[in-house]
Structures are given as structure tokens and as C-alpha cells.
Amino acid sequence: MQSMRASELSTSSQSLLEQEQTESQPKITIKNPKKLAFLPLVFLIYFEVSGGPYGEESAVGAAGPLFAILGFLIFPFIWSIPEALVTAELATAYPGNGGFVIWAHQAFGPFWGSLMGSWKFLSGVINLASYPILCVDYLKLVIPIFSSGLPRFVAVFVSTLVLSFLNYSGLSIVGYTAVGLGIVSLCPFIIMSLVAIPKIDPSRWISLGQKGVKKDWTLFINTLFWNLNFWDNASTLAGEVDEPQKLYPKALFSAGILACLGYIIPLLAATGAIPLDQEDWVDGYLASAGEMIAGKWLKFWIEIGAVLSIIGLFEAQLSSCAYQLLGMADLGILPMIFGARSKWFNTPWLGILISTVIALSVSYLDFTDIISSANFLYSLGMLLEFASFLWLRVKFPALKRPFEVPMGLPGLVVMCLIPSGFLVYVLAVATKAVYLVSALMTLSGVAWYLFMNLSKSKMWFDFKMEEEKLDNEEGA
């Protein structure tokens, strides 16, 4: 009798667990007639991660052609694929705006969900601040007046506002703009690679670098890491995607193929077609390589492509930040006002405004350490994300997962440990200034969480309560 009783209790407990998780799973259903289609989603993910081969040059300068080629061939398997698989499983299991915030919230509770939101949001808006600056840095090559002073200040300010308004005009518009930007910015590299074919000497690919040039392994690893990162950023848009359970895995796979080919093909063309001068291989050198391979016209096109790529990066990152805040409001972590949408475009106008204002404020600072701190916070967030992924497998084994990584828990642990090692490395090599700034940002995130709890208890702001979220779900 006792064994039958225990069996009944076990079955009942499992049933309650499944019921509880089924209720909590969708959480947020967005009534949006203009859902994001497959191709725009692919290019938004592409711009979250890559945006083209711009920036890969430092890998050659740091370690030589052979290691750079091997790095961009191998690193996706030990870093990008695990991160993309985690994103595919969790974004389809919890298809709501907020992405990684929802995952940490479900796995470890509201504190860790809020802290994840703080880490990823601060990281995102600080990186966002760098893109208008990069745009102006390219423009000053054509219009020198933008090099310094008031004209530079105005150029950064105006470009930020214009790009933010594009984001405000609608996610579908942003998505199809990303498609156009991606195609146009990749075209010069396709042409460069085709023109380079008869000039390629395969023996140049196996060069370990020039004699007398010391290898910089820290720069090499960082270049690979940051050029093949941020696969999870588009998860904050899951509530805006048409059939996310079907489209997300396909879009991640397609964006992964596009990003990897976008790196390796131009790298093979440039390193194989021109003699190695390793110290020249710094950011922007592919434009010079294009000139040597095909002429000055191609260099100009690559530089234009770089500006277009930066615009795509800005739009993708701003979308991620804005919809993250909307998702946090839907979870009840932030006040409901953070989920306010435009009546004209159905976009989270307050999230866009807050992200833009913070990015503008940061852009006028000397923010080398701040950018490094943003990457530090992102690494902390990724460690929490991997932990959330593993714990959700343990906590909710019966959770409906439309896409499930086909491994048992031991295999998943190994899959997550390898990229986690790179994250620990990034944290370990940080400077004292980065540790200090990161600690202050983290404390600010903790203080914000406590303030939000106080606001709920004092009813200073309106928050979505659990009952409201379930009512919304039932009425969707």
C-alpha cells in the first residue's frame, strides 16, 4: 500500500510539475499583426553576431594566416554552435520577448532574471554606443570636418537619432532593411573572392606568420570570440516572430552558415592572393586588400559596405535591447510602462528611447574600460545562461521543447563547459579597472532589483502580476 501510495504521489507530483510548467511556458503572447518573417530574422541574427568579415583582420595580424584560417574554421564548433543550440532550444521552449531573461527567471527565480537583464542590457547599450562613432570614423575619411570638435559631436548625435527612428518605425522594416544592408555589404567580398581566384597561392595559407613578429594569443582569441558571439541576442525578439518554434532553429542555422562563410571565404581570398605583411593586418585592412586584388573602386565599395554593416549592427542591437525591456515588463520585473508600444508602429517606444539616451550618454565618454566592462558583463550573463539551460533540463524535464538539443545531461554539461572555459578566460584577463567598473554595474543591477521590489510593495508603479500574465495568455 505504501509503495502504491508513493507511486500515486509521485505521479501526482509529476502531473502538477508538468501543469505548472505548461502554464508558465508561453508567459507572453504579443498581439502583433506584423510578425517577423524568416529572412529578416536570419539577417537580424546575422547582424547580432557578425555583420560581415570586418574585424577579422586582427586574427591574421596576431597569429598568422594558418592559425587565423583554422580559428575561423574550428571556433564555431566549440563556441558558436553550443551557444546557438542553447538559444534554439530555449527560445522555442519560451517563445516570448525577453529571451535570456525569461530563461534565468524560470531556472533560478526573479533575482537572477533581473540580474541577467541588467548585465545583458548594460552590455548591449554600451556596445550600441560604439556603432555611430564607427560610422563617423568612416565618414571623416571623406568629410574631414567630422574628425573632432562640434561637427563630430553633432554627427554622432544626429546619426544616433536617425538610426533610432528607423528602429521605431517597425521591426519588420528593420528586418527587411537588415536584409538589404547584409546583401550590399557582402557583395564586395564576393567580387573580391572571385577576382582573387587566379591570384591565389595556396602555400600562403599555411604560413605561421612572418619571422620576428611575435604572436599575440590574447588578441587572437578575443578576435575569434567577439566575431562569433551574441547568438542569443535575437532571443529577446521571440514574441515578434511568426511561428518561433519552427523558424528560430532554421534561422539560427542559416545565419550561422552565412556568418561562417562570410568570414572564411574573404579570409582565404585575401591571405592567398597577396603577399603577407603581417603587421598591416589590423581592422580595416581588407579594404586595402581589395584594392590590391581588384583596384581602388573595390576598396571604396568595401569601406561603404563597412558603414552599411555598422548600421545593421546598430539596428539589430537596439532591437534586442528595446524588446528585452518590453519582455522584462511582461514578466513583472520592470513596471508596465516599460512595455509601452507605439500606437503607429507597435514598437516598444520607451525601450528604444531609454536605450538611445544611454547609448548617447556613453558615446561621449572615454569609454575603453567601459566597453571592456560591457564585454565582461556579457560573459557573466553567458555563464548564467549556460547554467540556466542545464538547470531547466533538470528542473523541468517534461517541459515541451519544440527543438531539443539531442543529448543527455552529461553531454550537455560537456557542451557547455567548453565555451564556458573561454568565458572564464575573458574574465580572468580583465584589468583592475574593468573589474571595478563591472562590480559597480553589477551592484547597480542588484540595487535596481531591490528598488523594484520596494516599488511593488509600496505600489509606486504598476507591474504585471502573475494573474494578469495568465489572463493575457488565456485571452490570446
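Easy rule for this one: first residue shown is 1, then count along the chain.
Cβ from N, Cα, C; glycine included.
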Given ranges 36-54, 321-339, the stretch to which TrEMBL attaches the annotation transmembrane segment: 36-54
For the transmembrane segment (347-364), distant same-chain residues with Cβ under 8 A (at least six beyond the ends): 124-126, 128-130, 132-133, 153, 156-157, 160-161, 164, 167-171, 318, 321-326, 337-341, 370
Cβ-Cβ under 8 Å with the transmembrane segment (251-276): same-chain residues at least 6 beyond its ends: 38, 41-43, 45-46, 49-50, 52-53, 56, 60, 64-65, 68-69, 72-73, 76, 80-81, 84, 87-88, 182, 186, 189, 192-193, 196-197, 199-202, 204-205, 207, 209-210, 227-228, 231, 286, 289-290, 292-293
Proximity of the transmembrane segment (376-394) to the transmembrane segment (36-54), 3+ C-beta pairs under 8 angstroms: no
